[in-house]
Number of protein chains: 2
Amino acid sequence: MQRILSTQLASHVHETVTIAGWVHRRRLLKSVAFLIVRDAEGLSQVVVTDQSILEGLTEESVVEVTATVTPNEQAPGKVELTEPVIRVLSAVGVQLPFELHRPELTASLPTQLDHAALALRHPARRAALRVAAAATEGFRAALGEQRFVEIQTPKIVGSATESGANVFAIDYFGRPGYLAQSPQFYKQMMVGVFERVFEVGPVFRAEPSDTARHLSQYTSLDAEMGFIEDHRDVMAALTRTLTVMMETITMRAGLAIRSVPGEIPAVHFREALKIAGAPEGEPDLAPAHERALGEWARKEHGSEFVYVTGYPMRKRPFYTHPDPADPAYSNGFDLLFKGLEIVTGGQRLHRYEDYVRVLAHQTEPYEGYLEAFRCGMPPHGGWAIGLERFVARLMNIKNVREVTAFPRDLHRITP
Amino acid sequence: MQRILSTQLASHVHETVTIAGWVHRRRLLKSVAFLIVRDAEGLSQVVVTDQSILEGLTEESVVEVTATVTPNEQAPGKVELTEPVIRVLSAVGVQLPFELHRPELTASLPTQLDHAALALRHPARRAALRVAAAATEGFRAALGEQRFVEIQTPKIVGSATESGANVFAIDYFGRPGYLAQSPQFYKQMMVGVFERVFEVGPVFRAEPSDTARHLSQYTSLDAEMGFIEDHRDVMAALTRTLTVMMETITMRAGLAIRSVPGEIPAVHFREALKIAGAPEGEPDLAPAHERALGEWARKEHGSEFVYVTGYPMRKRPFYTHPDPADPAYSNGFDLLFKGLEIVTGGQRLHRYEDYVRVLAHQTEPYEGYLEAFRCGMPPHGGWAIGLERFVARLMNIKNVREVTAFPRDLHRITP
């Protein structure tokens, strides 16, 4: 008999059906016993009259149940399965390190991460990964609609040129190689090919930061677009993209979230310092300043999002385009979401001479990248969204490790 | 004025419009000169009466052209731009290493790869990357429709356990680490979470093979699904996926390709040896055998695809599920496309005891992976498609480097 899902039971009342899944929980009451079976979509309640049957059905064993769908107002989904014939597909013979059926996992986070294969089955952990999948789906849909083309770029690079520090070194057939910290150079080069490109992929940071928001591998949602006037065209494309991402998350993962405003409020960096009560002349925003700006945007504009534009040039990477009217400040921006930076973007330099100047003629390690500019590049810009930070912030989860399937950090390289 | 694309010109006849793009070619005829401008979608012909204007408009310079759309039966798209006002956004001041306007790039492949930022702008190279983007889009759409959930898994792993050889070693905060050769272990573990999962991501092979089909980084289209009867359920899901991929490629990249048959012919390995004229008892198919099978499938079944099932267990990885009726042979399969293996898949072991047995109790390096089986796993299986090989085969391109934006191999780590 063709297996159906837990969510389909309600449309099969009084029929005999087959479901399959994991034993989520056994509940022994006085006169009746329940087997709760978990599948990819939800839970099913199976009524077992002979309690001795339950003994061998240890939690997380995989079972197939053929039974009658019977209405029961008290049951989840208002139906339960009665008169079951249960077949064990895979029996669990060990004591599990923690229980999955409670609303929250009670094991410590390191224990959960050590036992990821089990912990990720918990509905709360699973929900976060579904949100991440929906976010990437929405990202791609929004960019496809705006005629961006998907690219795949190298994760192994020959020199540590993008920032110089915090890169992982690899042995590349006896030569030194490095793991890419971002697809920045490649996505810019590809603007010369497709005008508008995006990539969803892993990036690597050998940061010795042991915090709740740093991972040594994370998923970067990158986009880059040509033929712009300035960074405001990039912000408009990003705003549209976030709107579709949020809609997709609501649709696919059922998360009730506030919609993205048609226009996200934007403040210049100098203004942002004032709003946050930071000293004039600060070169960057501290986490407390970002939180204050998040509060301000919520109160003044009813928005969970706020753009900060015009960051000082000295704190932005070498390829950043200055504000032509005020060259100490940049055409770069950050997007804060609930008071945390989740996107960095901006307009880039596009003239070869400008790169030669900012690199002080030390162009040799950048040859392959600079060729794009030597061979003609339009004004362009783009952004990068850190997927795990975005999902954690969206779900009000403090530690990015809770929204990452198998996180990698300073201390962790397994499982 | 809002810029329009080359493909939109025909619907603006007699209007004044603005286009933008790269100078693809200058053509000087006796009485008239043409500027051919390339944008992301195609070419536009601009009529220039004062030939001296063309001197500064070197190839690959980025220009914006405001002009009148005028019908001309001889022009590409049957329109051309007349009375142009040309603004240079970015001037090219160097001699280009090769020309882009010929039907094929005449530079050698190494020269093209050295100058990837320029070579990838050639319409033929660009077309291959569009096909790759469409293939991944179709892959995801097909799997979403079949209720697979997208995952992101670690590319840095703690031990070289999957095959043991040909891995890149990295320095992971002073400890040894390795680049993942595939998401195999992780996608299986995630079957315990979502039942059906997929991933599109880079995989790394430190293979010292200097051939037209080996890359040290390639894009793997991975899927894994639970609650199967055997490998035939996996093949059915893969066939459906390939159908959508081919449809998406036709739709998005305009490639005229034969559709995937509703049912792809399948032959058992022993039968395949006979068809290919190979000696009985061979453990694997040589490239010549694969080509012979491709010919056979085309002639006998009118299919460019053919499944070979039941490969001998001794040539398949340790997690392969044997054929219960004939345990020297596996429930593993390869899919050949035009006589070349482009997909490997099969049913996997799902019982913990089976893993302990095949690993001869040397389970320690596999702990995190094996926990999934110890905690209950359904019968499952999956596949991996090598994106670059698939695209190359589809477009009859011999070298995978021609369909990869910035290939990495034994000799190449730049640009």
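Heads up, the Cβ atoms here are built off N, Cα and C, so glycines get one too.
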### Where TrEMBL places region 'Aspartate' among the ranges B:8-11, B:184-187, B:316-319
B:184-187
#### Entry: B:ARG205, B:ALA206, B:GLU207, B:ARG213, B:HIS214, B:LEU215, B:GLY386, B:LEU387, B:GLU388, B:ARG389 bind ATP per TrEMBL; candidate in B:GLU150, B:GLU263, B:GLU341, B:GLU353 listed for that same site
B:GLU341
#### Entry: Taking residues B:GLU162, B:ARG205, B:THR344, B:ARG348, which bind L-aspartate in the record, the widest Cα spacing (Å, whole number)
22
## Note on the structure
Students should find that the Cβ of B:ARG348 (L-aspartate binding site) has, within 10 Å, a number of other Cβ atoms equal to 28
#### Entry: Nearest of the recorded positions (B:PRO76, B:GLU162, B:THR344, B:ARG348) to B:GLU207 (ATP binding site), judged by Cα-Cα distance
B:GLU162
### Task
Average the pLDDT scores across the region 'Aspartate' (B:184-187) and report the rounded value.
98
### Task
Round to the nearest Å and give the CA-to-CA distance linking B:GLU341 (ATP binding site) with B:ARG205 (L-aspartate binding site).
17
### Task
Round to the nearest Å and give the CA-to-CA distance linking B:THR344 (L-aspartate binding site) with B:HIS214 (ATP binding site).
16
### Task
List nothing but the one residue from B:GLU162, B:GLU207, B:GLU341 whose Cβ has the fewest other Cβ atoms within 10 Å; the candidates are the binding-site residues.
B:GLU207
### Message
I'd like the per-state residue tally for the region 'Aspartate' (B:184-187) from DSSP, helix first, then strand, then coil.
### Response
4 helix, 0 strand, 0 coil
### Message
So the record assigns B:ARG205, B:ALA206, B:GLU207, B:ARG213, B:HIS214, B:LEU215, B:GLU341, B:GLY386, B:LEU387, B:GLU388, B:ARG389 to ATP. If I measure every Cα pair among those residues, what is the longest distance in angstrom, as a whole number?
### Response
20
